[in-house]
Amino acid sequence: MSSGHFFQWHLCDVFKSAMCCVSCTHTLSLLLCVLTLTSAATGAGPETLCGAELVDTLQFVCGERGFYFSKPTGYGPSSRRSHNRGIVDECCFQSCELRRLEMYCAPVKSGKAARSVRAQRHTDMPRTPKVSTAVQSVDRGTERRTAQHPDKTKPKKEVHQKNSSRGNTGGRNYRM
């Protein structure tokens, strides 16, 4: 083996070890950076959702179903929580997970009720018989009386639908 070949092989080995050192140094610095960012993120503490941010997140999670501010009956063991707690108590004063937010979504409507009127063909709609104007005025009076005196014996649940007046979120990310 000539000295030229020996020098060429030796130089190649030097470059390989130099590349290995650079690669190891680069990997080590990248690892330190990731560890620093991870510990800073976990040290920031739990994230809470309050006010408009809570409402926006609930609208995002629940979608068209809507949501309740107080938990509907039948969710979770009642012995663990007091009965007057709601989503604000659970997510504004302490951090809450996605599962907790989903508990406040309104139930999914049945397939027939959720079907859009626009999706129906116009021939699917039954024709209503014409009614005389005298009967219509009596019906409207009954409707007014019913609206003025709602049945107070039935419990009412207030479902909050998506509020389109809040504006477009513009692709805003939601924190959980």
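Each Cβ is built from the backbone N, Cα and C atoms, and glycine gets one as well.
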Exercise. In Swiss-Prot, C96 is disulphide-linked to which residue out of C91, C105?
Worked result: C91
Problem set entry | Cysteine of C33, C50, C62 paired with C92 via disulfide, per Swiss-Prot | C50
Exercise. Using DSSP and three states only, what is C92 (disulfide bond)?
Worked result: coil
Problem set entry | Top Cα neighbour of C50 (disulfide bond) in the set of disulfide-bonded residues C62, C91, C96, C105 | C91
For this session: Measuring Cα to Cα, tell me the gap between C96 (disulfide bond) and C105 (disulfide bond) in whole angstrom.
Result: 14
Seminar exercise, completed: CB neighbours within 10 A of C91 (disulfide bond), counting all protein chains shown, number 23
